[in-house]
Amino acid sequence: MELFFNPFDNLLCILLGISFTVWFTLLLVFIIVPAIFGVSFGIRRLYMKTLLKIFEWATLRIERGAKEKNHLLYKPYSNAIIAKEPTSLEEEIKEIRRSGSNRDLDSAPEFEMSDIFYFARRGVESIMDDEVTKRFSAEELESWNLLTRSNYNFHYISLRLTVLWGLGLLIRYGFLLPLRVTLAFTGVGLLVFLTSLVGLLPNGRMKNFLSEKVHLMCYRICVRALTAIITYHDSENKPKNGGICVANHTSPIDVIILASDGCYAMVGQIHGGLMGVIQRSMVKACPHIWFERSEVKDRHLVAKRLSDHVEDKSKLPILIFPEGTCINNTSVMMFKKGSFEIGATVYPVAIKYDPRFGDAFWNSSKFGMVNYLLRMMSSWAIVCSVWYLPPMSREEGEDAVQFANRVKAAIARQGGLVDLLWDGGLKRGKVKDTFKEEQQKLYSKMLVGTQEDRSRS
C-alpha cells in the first residue's frame, strides 16, 4: 500500500511546488519589483476600464428588467431630501411675520407666536434630512457594481446577470482575496524587517535615503494589496520638510494612499499587538511621533512635540487628519484647531474616492478593523484621486479656528465635498450645548437689536 501511494504523493508535491513557484514568480515580477521602482504596467487601469463596462451593462439590464416588470427603482438622494436655500434666521422669521400678519420685523413686537414656526420647521427638517448623521453611513450607489452590499435594487433579474454576479463572487473571494492577503502580509512583513535593519544605521543621509526607499516600497506593495488605482494631481505642491500635511479623512487606508507617493512623519497613539510592533520598527528608521495613552490628552505636550518636529527642516512633513474621525467621503467636517496653532506651513490635500468599485469608508461603530480590511480586500478595487493644494499659512489677525476653516473650505472645494461646520465627534457623542446656545443668541440678538432700533425711532 505504501508503495502504491508514493508516486501519487510525489506527483502532488511536484504540482504544489510548481504552483507556488509560478505564484511567487508572478508576484515578484508583476507586483513587488514594480513597487520597488515605482512603475506600473497599466494592468490595474485596464482592469478598471473593463469593470466600468461590466457595471454599465449590469445597470442597463436591471433598468430594462424593472421596466418589463413595472418595478420602481430606488434612487438615492445625492445631496438632500429637502431643497434648502441659504438664508439667515432674521430673514426667515421676517418672511414668516410678513406672510402671517403683513407686518415687517421692525414694526412687530419683540416676540410673536409665529416665530415658533421657524424653529419647529427647522427641527422637522433636521429629523427628515439630518445632514450630520448620514455622513457616518456608507454612500448608496445609483448603479450596481455586482456587490450585494452596494445597492437596494439587487434582486433576481435574469440568469445571465445572476451568473455574472456568481462569477464575480468567485473571482473576488477565490483569486483576488488570497492574492491581496499575501501582498498585505508581504508589505507589512518587509516594512517591519527592513525598517528594523535601517534603524541600526547611524543617523545621516544614507539612513534617511534608505528609510525613504523602504517606506515607499512597502507602502506601494500595500497599495497593490488593495488594487488601489490612484491619480495624483499637482505634484508640484507636495508637502515639504518642516511643514504639516492635512487631509480629509475617510479611512485608515488614507495613510497608505498618501505615503505611497511621498514619505511622512506619522502622528498617533502607541498601540499593542501587531500595530505596536509596526510602530516600534518604523520609529527606528524615521522620526515618527508616537504618544503614550496618558500623553494624548495633554494638548500642551502634543503641541510641543509637533512644534519641535516642524522646526527641524531636515525632518519629514507631519501627516495629520484634523477631523479626528472617518467621514463617508461626501463632506468635510470640522477641523480640530490644534495642528493650526503651531504656526507651520500647512499643505492641504484633498482625497476623493470613487465608490463604484468599493466603498472605502470605515464605519468604525459597525465594523472592526479586521472586518473592514476584509471588506476592502474583497471589493473590486479602491479608486481615488488625490489633489495637492498650494501651501497655506496663517494670515495676520487670523486665529487658529479661522485658519482651520479656510483650509477645510479649500479641501472641500477641490474634492467636490460638502463643507460642514459640525464636529465629527457627533458620531459617538451628543450635540454640545454651545450649538443650541448659538441659535438662542442669534434670536435674542435679533430681538434686542429690534428694541434698540425702536427706542431710537
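Placement of Cβ uses the backbone N, Cα and C atoms for every residue, glycine included.
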Quick test of your reading of TrEMBL: among 157-175, 347-365, 404-422, where does it put transmembrane segment?
157-175
Beyond the flanks of the transmembrane segment (181-201) by 6 or more, those residues with Cβ under 8 Å of it:
27, 31-32, 207, 210-211, 214-215, 217-219, 221-222, 224-225, 274, 277-278, 281-282, 284-286, 373, 377
Across the domain 'Phospholipid/glycerol acyltransferase' (243-354), the model's average pLDDT, rounded to a whole number, is 85
Who are the long-range neighbours of the transmembrane segment (20-43) in its own chain, taking Cβ under 8 Å and residues 6 or more past its ends?
179, 182-183, 186, 216-217, 220-221, 223-224
